[in-house]
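Colleague: Next up is a structure, given as structure tokens.
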């Protein structure tokens with residue numbers, strides 16, 4: 001056998017904010033304040049929903065799960081990013097990178113299917129109002145959350161296994177601030193088109209199928225709203241879906257830009273900017289959009 005001169009990569013070095021060396025302390029302070037505010041906001045939302053029995057409805061149940069998911073989502077990425085902003089050498093172990101990618105994908109994919117479940121909840125509330133409490137019982141709500149988690153777990157496990165099964169021999173410099181799919185794949189010594197295709201198809205499954213389910217729900221919702229004779233009634237009914245539509249638009253806008261574009265359009269600087277928005281800003285604004293637009297929640301708070 002011929003000796004192999006290449007050594008296996010045992011850790012990765014994050015270069016995401018290396019071009020902003022003089023601003024890293026300022027970025028640390030800004031991101032820390034945003035992160036603490038996100039944790040506090042989501043904690044208030046979850047505790048308010050749990051403590052107020054008037055909010056023990058399917059819509060607020062899903063909102064509490066969404067807030068919990070957003071909190072865990074930020075916990076996977078932001079604390080490590082904050083520590084790296086103060087560190088001279090920004091590294092993560094090979095295993096740590098795999099765990100971070102798995103956790104990030106699990107929560108992100110589950111989030112997509114959770115938004116589909118919330119769209120189904122709005123469909124049932126508007127199209128079947130008389131049977132809503134029966135059709136959206138406690139068991140059904142938990143079943144939808146469990147199904148969303150199972151889909152997220154499957155997609156994240158297969159994707160992470162495919163990525164980290166590849167050999168990493170050459171560079172270990174990751175042009176990002178966490179272990180996302182595209183930056184890590186760029187460091188692999190070689191990867192087959194089959195693995196790329198499978199990863200792309202998994203991304204399609206985690207994003208396109210929930211989006212199609214949401215679209216079907218809203219087609220039914222709009223057809224039901226158009227049958228309401230009063231324009232005021234149509235407006236009030238559709239306004240109950242506005243928060244969900246805003247969150248869906250933001251989530252799929254960012255995710256589609258990152259995961260459903262041609263590989264030739266890859267740009268690390270653009271990805272870092274978008275990633276900052278959906279790892280720090282989106283988890284802050286999503287629950288606030290739901291809570292601040294709702295009179296019941298504000299009165300309960």
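Including glycine, each Cβ sits where the backbone N, Cα and C put it.
Copying in the features that TrEMBL gives for the protein in this structure:
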TRANSMEM  25-51  transmembrane segment
DOMAIN    41-290  domain 'G-protein coupled receptors family 1 profile'
TRANSMEM  58-78  transmembrane segment
TRANSMEM  98-120  transmembrane segment
TRANSMEM  141-166  transmembrane segment
TRANSMEM  197-226  transmembrane segment
TRANSMEM  238-260  transmembrane segment
TRANSMEM  272-292  transmembrane segment
Colleague: Check the transmembrane segment (238-260) against the transmembrane segment (98-120) for contact, please; criterion is three or more CB pairs under 8 Å, pairs 6 or more apart in sequence.
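Modeller: Yes, since the transmembrane segment (238-260) and the transmembrane segment (98-120) share at least 3 Cβ pairs closer than 8 Å, they count as touching.
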Colleague: State the mean pLDDT for the domain 'G-protein coupled receptors family 1 profile' (41-290).
Modeller: 84
